[in-house]
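**Q** Annotations for this protein, taken from TrEMBL, read as follows:
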{"type": "DOMAIN", "residues": "42-290", "note": "domain 'G-protein coupled receptors family 1 profile'"}
{"type": "TRANSMEM", "residues": "28-50", "note": "transmembrane segment"}
{"type": "TRANSMEM", "residues": "62-83", "note": "transmembrane segment"}
{"type": "TRANSMEM", "residues": "103-121", "note": "transmembrane segment"}
{"type": "TRANSMEM", "residues": "142-163", "note": "transmembrane segment"}
{"type": "TRANSMEM", "residues": "205-227", "note": "transmembrane segment"}
{"type": "TRANSMEM", "residues": "239-261", "note": "transmembrane segment"}
{"type": "TRANSMEM", "residues": "273-292", "note": "transmembrane segment"}
Amino acid sequence: VEGLNQTSSVSEFILLGLSSRPEDQKPLFILFLIMYLVTLTGNVLIILAIRSDPQLHTPMYVFLSVLSFTDIWYTTTIVPRMLVDFLSETKTISYAGCLTQMYFIYALSTTDNCLLAAMAYDRYVAICDPFHYVTIMSHCRCVLLVAFSCSLPHLHSLLHILLLNQLTFCDSNVVHHFLCDINPLLKLSCSSIFVNDLTIKTEGLVFWVTPFLCIVFSYVRILMAVLRIPSAAGKRKAFSTCGSHFTVVILFYGSIFYVYLQPLSSYTVQDRVATLVYTVLTSMLNPFIYSLRNKDMKRGLGKLLGRRKS
């Protein structure tokens, strides 16, 4: 993000972080270092298990491996910066560094959003139209869904960064957050944020709500199909194929909508906690949710780790 806003007198921002108390910094550093290492290890194991087991070379697990890859970079955009700030006196980030971090946070979180919608569509086809699953979820269609999910979010993110770069920051440069997020920065601007706010409420809302509505539609159809299955065992099997994905969706969207579907003026410390859920916590829990609730993933991880079970 070069050639940034030169009219702003602010050359850097101060990130207040999760706590301003000195005695909290080292415990928080240790906690988030452990969470980061667990996130990296879990997601790398998911990717390797899927790559090494031919039985996992299906659309659902292809999407899951891309989701894990995205989550690795997503947390890497956020957590290392936090770790440095926990041990630093100044906790500053340059103007360019702040917008760069925000760009990747928005691009990668929106990629997660699109991938979750693609995974919901995959489960919908598998349960509601199993006889045409191979035809509908062809290799070509999977590649297109992954390409769409990984490319279009960058245009969405770039739009918000370019609009933010037009603002002027005259007075305070203290960001009441542990990362560069759009709402705390808009509160610091001394120029009009009408266009930014309108874009968030229109383009941003459409970009996030559309995949969410696709997920809701898929699960409504899945629920209707499952309720028509006569046997209890059949119902359990059908639900088990999408239980992990549904759990991740609840965590991810619940925290995101809590943060962004409220007035800018009401942005408080509770939003920092909610932001932790969809940025750090969800990325860390994804491997556990998908491996502990999924027999195929357990088998794949067992093979990868050399613990073949009969």
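Here the Cβ of each residue, glycine as well, is placed from N, Cα and C on the backbone.
Predicted automatically and left uncurated, TrEMBL annotations should be read as such.
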**Q** Under 8 angstroms, Cβ to Cβ: which one of 62-83, 142-163, 239-261 has the largest number of such pairs with the transmembrane segment (205-227)?
**A** 239-261
**Q** Could you tell me what the rest of the chain brings near the transmembrane segment (142-163), counting residues at least six beyond its ends with Cβ under 8 Å?
**A** 1, 59, 62-63, 66, 70, 99, 102-104, 106-108, 110-111, 113-115, 117-118, 121, 182, 195-196, 199-200, 203-204, 207
